[in-house]
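**Q** One structure coming up, written as structure tokens, with questions to follow.
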Amino acid sequence: MSKDGPFRFGARGLWTSGQALLFLDPLGVWMGTPMNDTYVAVEALSEAAARKELARLSELLARANAEYHRDDAPSLSDADYDALKQRNAAIEARFPDLKRGDSPSDQVGAAPSDTFSKVTHAVRMLSLANAFSDEDIRDFDTRIRRFLGLAEDAPLAYTAEPKIDGLSLSLRYEHGTLVQAATRGDGAVGENVTANARTIDDIPHRLDGAPEVLEVRGEVYMSHADFAELNARQAETGGKTFANPRNAAAGSLRQLDAEITRARPLKFFAYAWGEISAPLAETQTETLARFREFGFTINPLTVRCETPEDMLAQYRAIEAQRATLGYDIDGVVYKLDDLDLQRRLGFRSTTPRWAIAHKFPAELAWTRLEAIDIQVGRTGALSPVARLAPVTVGGVVVSNATLHNEDYIQGRDNTGAPIRWGTDIRVGDWVQVYRAGDVIPKIRDVDLSRRPEGAAPFDFPTTCPECGSDAPREPGDAVRRCSGGLICPAQAVEKLKHFVSRGALDIDGLGAKQVEQFYRDGWIAEPADIFTLRARFGQGLQQLKNREGWGDKSAENLFRAIDTARTAPFAKVLFGLGIRHIGESASSLLANHYLTMEALLAAVDAAVDETSDAWADLLNIDGVGEVMARALVTTLTQEAERASVNRLLAQIDPAPATPPQVGDSPVAGKTLVFTGTLETMSRAEAKATAEALGAKVAGSVSAKTDLLIAGPGAGSKATKAEALGIEVIDEDAWRVLAGLA
């Protein structure tokens, strides 16, 4: 029997006794085939495991975004999607150096379909950060006060409104006339659905007294009653029925024939705006009142709140009415009411700092723990997985849950403190499974009253189940790790898989499965081997062609993809090397600084001396800290690793990085340092302002620094800047330079 238990896996998923069941991998997401790794809690992830998890989350979220925003056919529940996003964000927060260039944190929606013409949004349609607890909301208020430099007792009002589960739409009015309607798309480019939007009764065609340009944004949705009636009508006529009101609304709005949309009972709530030529009001509340005057429908549950406790009270009031509203909502959105403060707070890459979505909780379920399996990850971590009797949690059938590590099974956390009141987990137990706050299904509780007689404590292995090597647990480490290294089949192939992954060289036709097969056959052992396949096996690579599913065309396509990858961007090659602490974001930073691999390697060689200018230059790159720099230097100067890199460079010619374009502000392209106490803005606001103007903000003064902004108490940084001949200005001069005064 395999470690997957008495199940077999087919193209449609997990099968047993002739019945198809939904299989979820350790991420809790439908994958079709079992994954080889199990995942630990974010706080227990190693660097390598975190890198691998971020790659997998990126792929899963990209697929989910396309299904939801473009195809109107999501396979994940909202709770599962939110949990994926939250886990991704939590890993990035713990390992900022690993943030990928295609990070889901920087993505909004999905690329628009080719079915409709494209519309570039004048102001991006961003998503919202999520909150899942009362404490998250209090922290949200605290962050805003800290950013704005406001006292804890300073008045600060918010609006609270239901989060409608529909399709986001932007309506552009020019001289009061509706001229364009566009979906969110990927946030920057959406789909032109103007003709269809004109058929929705809640959307005015003309606005009296509106500014010359006004983009009104809101949500298209369908009521429960209208959804039921539509599905009944569709079933009678043999048409497509919809899984839920959100899918029905999205599918109805995105019809090629506007008359079909006209026949669908769509509704629209207005709640935001994009481009606007003149302000409508000074607050969010007053702006919504103006929308109502224009003829838009505003959700009647929208209220103004004076404190976080008021916000939480409204959250509970809305949640209590959720079942009787007659339309789907999945949380409550809070927005800072003062529009001038919204402007000061600004935006992160994909979300505003002044708003947050407080999501409703996911479901819990009880089921029986049938087995505990041990899986070996990329770094050798031995991770336990709970095999469960299938149970529905949050709308998805769950059959696996993470058990994190041996401490978690024994009922204690990584510090030795008891969890679950110190109750251990045993095979045969009835356990409570949940998915809130993390994509991986977890076990919240154990029902000791139902524990089978004779259930034994779980004996965690001290040797690797894959290769038999010792699996010691180092002091301070939360997990046991296989000591077999590359002789362990569960670890050896992972570096190659990372090298060809989507964020790295992304070689079409050479995915994880193919890498595993080629490795087992002895065809590839390191990245350079990929680029010598044709030379070593000849034009035909007959061994490949003889395999099922391969032929002349597919083999040639693989060779062509490999040849294309020879000139992959320098940043992708660097990321593909899988250097600890060097994620996609860090790879891009390094590539933009050094431009070529040759220049990087020369700098690394010189930076071995940590008193050298090369070391200081490396640390001066904004976003590169000592841990990251030391890992880069140590890895690339290690003899075996450098030899492997040199063999790779003999086969490829990475495309040099292109220095990023900067704007025309006075500080664009310059490196700034802030020091001392700023009196008119917080340090975070100053940094955000400088970066928005195209400047780089460093944490320390060096020869590369162009300008030091010094407030009271500047200290040693100001002294060093003066010694280096760097221009030093005060906060007032900075505000003038930044156009704030």
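Backbone N, Cα and C atoms are what each Cβ position is placed from, and that goes for glycine too.
From Swiss-Prot, here are the annotated features:
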ACT_SITE  LYS163  active site, N6-AMP-lysine intermediate
BINDING   ASP78, ALA79, ASP80, TYR81, ASP82, SER127, LEU128, GLU161, ARG184, GLU219, LYS335, LYS359  NAD(+) binding site
BINDING   CYS464, CYS467, CYS482, CYS488  Zn(2+) binding site
DOMAIN    662-741  domain 'BRCT'
**Q** Using DSSP and three states only, what is CYS467 (Zn(2+) binding site)?
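**A** Looking at the DSSP assignment, CYS467 (Zn(2+) binding site) belongs to neither helix nor strand, so coil.
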**Q** On the three-state reduction of DSSP, what should I expect for CYS482 (Zn(2+) binding site)?
**A** coil
**Q** Let's check the environment of CYS482 (Zn(2+) binding site): how many other CB atoms sit within 10 Å of its CB?
**A** 25
**Q** Could you check what DSSP calls LEU128 (NAD(+) binding site) once collapsed to helix, strand or coil?
**A** coil
**Q** If one measures from the C-alpha of CYS467 (Zn(2+) binding site) to the C-alpha of ASP82 (NAD(+) binding site), what distance in angstrom results, rounded to a whole number?
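**A** Cα of CYS467 (Zn(2+) binding site) to Cα of ASP82 (NAD(+) binding site) measures 37 Å after rounding.
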**Q** For CYS482 (Zn(2+) binding site), which of the recorded positions ASP80, LEU128, LYS163, ARG184, LYS335 has the nearest Cα in space?
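**A** Nearest candidate: ASP80.
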**Q** Helix, strand or coil at LYS335 (NAD(+) binding site), per DSSP?
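**A** The residue in question, LYS335 (NAD(+) binding site), is strand (DSSP, three-state).
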**Q** Can you tell me which of the recorded positions ASP80, LYS163, LYS335 is spatially closest to CYS464 (Zn(2+) binding site)? Compare CA atoms only.
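**A** Of the recorded positions ASP80, LYS163, LYS335, ASP80 has its Cα closest to that of CYS464 (Zn(2+) binding site).
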**Q** Can you work out the mean pLDDT of the predicted model over the domain 'BRCT' (662-741)?
**A** 86
**Q** In Å, rounded, how far does the Cα of CYS488 (Zn(2+) binding site) sit from the Cα of LYS335 (NAD(+) binding site)?
**A** 52
**Q** Tell me, how many other CB atoms lie within 10 A of the CB of ASP82 (NAD(+) binding site), whichever protein chain they belong to?
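**A** Excluding its own Cβ, the number within 10 Å is 24.
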**Q** Sequence gap of 6 or more, Cβ distance under 8 Å: name the residues on the same chain that satisfy this around LEU128 (NAD(+) binding site), in order along the sequence.
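**A** The list for LEU128 (NAD(+) binding site) reads VAL333, THR351, PRO352, ALA355, ILE356, ALA357, given in order along the sequence.
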**Q** For the C-alpha pair, I'd like the distance in angstrom between ARG184 (NAD(+) binding site) and LYS163 (active site, N6-AMP-lysine intermediate), rounded off.
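**A** That separation, Cα to Cα, works out to 16 Å.
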**Q** Can you give me the Cα-Cα distance between the residue listed as 'active site, N6-AMP-lysine intermediate' and LYS335 (NAD(+) binding site) in Å, rounded to a whole number?
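**A** One finds 12 Å between the Cα atoms of these residues.
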**Q** Between the binding-site residues CYS464, CYS467, whose Cβ has more other Cβ atoms within 10 Å than any of the rest?
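**A** When each Cβ's neighbours within 10 Å are tallied, CYS464 tops the list.
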**Q** Using DSSP, how many residues of the domain 'BRCT' (662-741) fall into helix, strand and coil, respectively?
**A** 25 helix, 14 strand, 41 coil
